[in-house]
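Engineer: A single structure is presented below for examination.
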Amino acid sequence: MKKREDMTEMQVHVCLNQGTEYPFTGKLLDQQKKGLYRCVVCHSPLFVSDTKFDAGCGWPSFFQAISPEAIRYLDDYTLSRPRTEIRCGQCDAHLGHVFEDGPPPTGLRYCVNSVSMAFEDSETGELIEG
């Protein structure tokens, strides 16, 4: 588990303070390699690359979590319309939000801050923090 003092300023802002990175700025937005997306704080698996798609919204988007336990869902009323916040199911780090405008087969769009994830390349094992 990553300690607060070992996190970047942006990781603290997003993961611990429910912030949002600017759209189209995240390191993992255009990641096309095969692999696993993990929580940057506790390294729990969140998404597989096969479920990633280009939603055009500026943040990495996925249509399905790796397992039902991987994600925790919370009602979010901080903006003018209700949303569903998503957090890591293991450490409770803020990840982003989920919307019901995604592609088949789920119809869901998990809109995730790059900085809240680390990508593990399935070929090399390299871990790249967003």
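Glycine is no exception: its Cβ is also placed from the backbone N, Cα and C atoms.
On a predicted model such as this, the values are computed, not experimentally measured, just so you know.
Here Swiss-Prot flags 1-122 as domain 'MsrB', drawing on sequence analysis. As annotated by Swiss-Prot, Zn(2+) binding site applies to Cys39, Cys42, Cys88, Cys91. Swiss-Prot lists Cys111 with the feature active site, nucleophile.
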Engineer: Could you work out which of the binding-site residues (Cys39, Cys88, Cys91) has its C-beta surrounded by the smallest number of other C-beta atoms within 10 A?
Structural biologist: Cys91
Engineer: Between the Cα atoms of Cys42 (Zn(2+) binding site) and the residue listed as 'active site, nucleophile', what distance do you get, rounded to the nearest Å?
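Structural biologist: Per the Cα atoms, Cys42 (Zn(2+) binding site) and the residue listed as 'active site, nucleophile' stand 19 Å apart.
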Engineer: So if I draw a 10 Å sphere around the Cβ of Cys42 (Zn(2+) binding site), how many other Cβ atoms end up inside it?
Structural biologist: 14
Engineer: Whole-number Å distance between the CA of Cys111 (active site, nucleophile) and the CA of Cys88 (Zn(2+) binding site)?
Structural biologist: 13
Engineer: Can you give the mean pLDDT for the domain 'MsrB' (1-122), rounded to a whole number?
Structural biologist: 95
Engineer: Please work out the number of neighbouring Cβ atoms within 10 Å of the Cβ of Cys111 (active site, nucleophile), leaving out its own Cβ.
Structural biologist: 23
